[in-house]
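Asker: The structure is given below, and queries will be raised subsequently.
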Amino acid sequence: MPEALHEPFHDIGKQRSAEEAGIWIFLASEVIFFGGLFLGYAVYRLRLPEGYGAAMAETNLTLGIVNTALLLASSATMAFTVWVGREGLQRATVTGLIATLALGTAFLAVKGVEYYEDIRHHLIPGHPDFPVDVPGAEMFFSFYWAMTGLHGLHMAIGLGIIAWTVHAVRSDRIAWRETAHLHVVGLYWNLVDVVWIFLFPLLYLVGR
Amino acid sequence: MARRTTFRLAGRAVGAFVAMLLLAACSIAAALLLDGLAASVVPLGVAVITAGFVAIAFMEVRKMDAVSAIFAGVAVCFLAVLFGLTFTDELTRAHIPAGFEARTGD
């Protein structure tokens, strides 16, 4: 069994507290990072509402709904993982992690299909055959690509961490029962989910 | 015992998922069925409620210790300042009067 307590800590409670504080510092920086993108989106939406509305009609609502359901489900399986992890249930923890991994991968696969469709329809800012001739439409798609792309990158990083955690929990490579590892991974994953909760209405619903 | 705990916690997760799914359905229905400002405000309001639900039920923000709460609170404050200052400028800035551009072009 790996040692749970690490230097400089002499108390597992304080170590857990420091682990959680560390991820919250990171999440705070992520909130500001995505906040800047949301702010840019909002300012240009205020200035160019017609273009945003016309551009939004081109996004695929069905795939957006499917991805929302997948991500909300993955958030629930991640929470389940944290809860059963606290109870020390190894098999259920690994099952929860694998379910989260599968749902997250499905999200990225659906996003890939959507990107393929978007590229096929020339929904790329600056493309000579960009289909929406209303000022602001290309700006909408600039934010669409930037925001969903960066969200997808965060998803991919999260999936990598979860895949490693599956291995680590299954082989007892880390002291997952005693440390805050699962909770830290869960906090990251849930923040990625929260970002999508706001992206979905802004890119697929509001003003459609 | 372990099996019972697993099922109990799985039930809790499924319940939370169904609740979030219903919120998403409300958001979609509002955006497609309502007109005007309500079609924008309701989906965004539902998004805020769903995010709050995730924060409380999954991220367990009510159980976080003081240090973590300070970091999370500072992030929310900075975000409020970012949006507040930008829109204070954006919504109150005087528009350039007609003819101003012609005069400056002389």
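Placed from the backbone N, Cα and C atoms, the Cβ positions cover glycine too.
Just lifted these from TrEMBL, have a look:
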DOMAIN    A:1-208  domain 'Heme-copper oxidase subunit III family profile'
TRANSMEM  A:21-44  transmembrane segment
TRANSMEM  A:64-85  transmembrane segment
TRANSMEM  A:92-110  transmembrane segment
TRANSMEM  A:143-166  transmembrane segment
TRANSMEM  A:187-206  transmembrane segment
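If you look at the structure here, what lies around each of the features I listed?
Answerer: When Cβ-Cβ distances below 8 Å are used as the criterion, the transmembrane segment (A:64-85) is approached by residues 92-93, 96-97, 99-100, 103-104, 106-107, 110-111, 114, 169, 176-177, 182-183, 185-186, 189-190, 193, 196-197, 200, 203-204 of the same chain, each at least six residues removed from its ends.
For the transmembrane segment (A:143-166), the list of distant contacts is 30, 34, 37-38, 40-41, 44, 55, 59, 94, 97-98, 100-101, 104-105, 107-108, 111, 123-125, 176, 181-182, 185, 188-189, 192, 195-196, 199, 203: same-chain residues at least six beyond its ends, Cβ to Cβ under 8 Å.
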Asker: Are there residues at least 6 beyond the ends of the transmembrane segment (A:92-110) whose Cβ is under 8 Å from a Cβ of it, and what are they?
Answerer: 63, 66-67, 70-71, 73-74, 77-78, 80-81, 84-85, 152, 155-156, 158-159, 162-163, 165-166, 169-170, 176, 182, 189
Asker: Checking distant contacts: for the transmembrane segment (A:187-206), what same-chain residues at least six beyond its ends satisfy Cβ-Cβ under 8 A?
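Answerer: For the transmembrane segment (A:187-206), the nonlocal Cβ contacts are 20, 23-24, 26-27, 30-31, 34, 38, 41, 56, 59, 61, 64-65, 67-68, 71-72, 74-75, 78-79, 100, 104, 144, 147-148, 151, 154-155, 158, 161-162.
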